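Okay, structure first, notes after.
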């Protein structure tokens, strides 16, 4: 039913414009694609194309193309659905300042701090991974190309200075972060696409391999599922993105529409590019090269440089440096945004138990979080902890934070019952598979 107003005719309540209390013309004006939308698409792609993408073809080569295809059939649709549900559960929340406050609004303060802590642990692991990776890799490249005589990473202060610079950039606001990330992310995307295309001339059908027995196929597909998902996963940026849109837009419907649109665009670009890249590398590289890369603990790019001769090898070497550094830097920015938001949620949850909310100095809290993030990242750098060995526990955390918790909210909160359906069952199954995947890998 349409209702007349001084701004025009309000659209039918069954449409997004109607739910937002707007006319169709007002709705079209409100959802216009702008620089902020572009920025969040860029940040999401930057988060997804992290350091792990250079190892994806190795995992696919080890397990076989059939395993990857089955894993993709399960993983990519499920990932799209659970990221969509994650956005919807955040956007529906009456209070949308940070992830723990959203959970608190739905389930109470105790659940908010418990599930917020789980989300926090996931982001701490990635803070460890990316802060250590960017310190060691940048120092290694500077030494390799003769810029420095020794490794700068041997000095603890190199890592401290580097992290301070990255955190300072990340904390200056979205506009600066979007500007810095745009060039790096577009370069990464073009590099990944170019690498996939460059391998087409070396495709061999025998690298497709034979179809393995059903039991082994399913088991290996579940083991490969975390690698498939994390190749284009950007759940770490979804919470800051929704919160940003909610703070900018008066209408929840407009904020939800813009967040979902940014996610859809990023997902589509990532799926086409990364899926082609992984399949192209597998058809060119094959199982034997993947085993060699695994045994030498090197990336697909490094092994490609070994079997590509002539000028192509030099090109792959240069490209690998660009992809590696840009991938780690932009992923660090995305992780830091999520880490800052999660930490703020936990701190505010604790402080509100001790004092009235109006007496809390949020600026002081944010400065404290910056210092905490720097010290946390620096401690990982100084200890040079084998953080990559910790990343396997991220699969169950992704399963819980991205799939099982949003699904539980749908069943628990009456306002979210509208999201029940077959897609929710697929999300739940995927969440359970992510939780058991590490145990199958080591069985």
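Along the chain as shown, the residues are counted starting at 1.
The backbone N, Cα and C atoms fix where each Cβ goes, glycine too.
Note that the structure is a prediction, hence the values are computed from the model and not measured.
Copied from Swiss-Prot, the annotated features are:
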type     : residues : note
TOPO_DOM : 1-48     : topological domain 'Cytoplasmic'
TRANSMEM : 49-69    : transmembrane segment
TOPO_DOM : 70-110   : topological domain 'Periplasmic'
TRANSMEM : 111-131  : transmembrane segment
TOPO_DOM : 132-149  : topological domain 'Cytoplasmic'
TRANSMEM : 150-170  : transmembrane segment
TOPO_DOM : 171-182  : topological domain 'Periplasmic'
TRANSMEM : 183-203  : transmembrane segment
TOPO_DOM : 204-214  : topological domain 'Cytoplasmic'
TRANSMEM : 215-235  : transmembrane segment
TOPO_DOM : 236-264  : topological domain 'Periplasmic'
TRANSMEM : 265-285  : transmembrane segment
TOPO_DOM : 286-297  : topological domain 'Cytoplasmic'
TRANSMEM : 298-318  : transmembrane segment
TRANSMEM : 319-339  : transmembrane segment
TOPO_DOM : 340-367  : topological domain 'Cytoplasmic'
TRANSMEM : 368-388  : transmembrane segment
TRANSMEM : 390-410  : transmembrane segment
TOPO_DOM : 411-421  : topological domain 'Cytoplasmic'
TRANSMEM : 422-442  : transmembrane segment
Sequence-remote partners of the transmembrane segment (183-203) [C-beta within less than 8 Å, at least six residues beyond its ends]:
42-43, 45-46, 49, 53, 269, 273-274, 276-277, 279-281, 283-285, 301, 304, 308, 312, 316, 319, 322-323, 326-327, 329-330
Per DSSP, what is the helix/strand/coil residue tally across the topological domain 'Cytoplasmic' (204-214)?
5 helix, 0 strand, 6 coil
Leading stretch by Cβ pairs under 8 Å, where the reference is the transmembrane segment (150-170) and the options are 111-131, 215-235, 265-285, 319-339, 368-388:
368-388
Using DSSP, how many residues of the topological domain 'Cytoplasmic' (286-297) fall into helix, strand and coil, respectively?
11 helix, 0 strand, 1 coil
Contact ranking winner - 215-235, 265-285, 368-388, 422-442 against the transmembrane segment (111-131), Cβ under 8 Å:
368-388
Work out, from DSSP, the number of helix, strand and coil residues along the topological domain 'Cytoplasmic' (340-367).
24 helix, 0 strand, 4 coil
Could you tell me the mean pLDDT over the topological domain 'Periplasmic' (236-264), as a whole number?
90
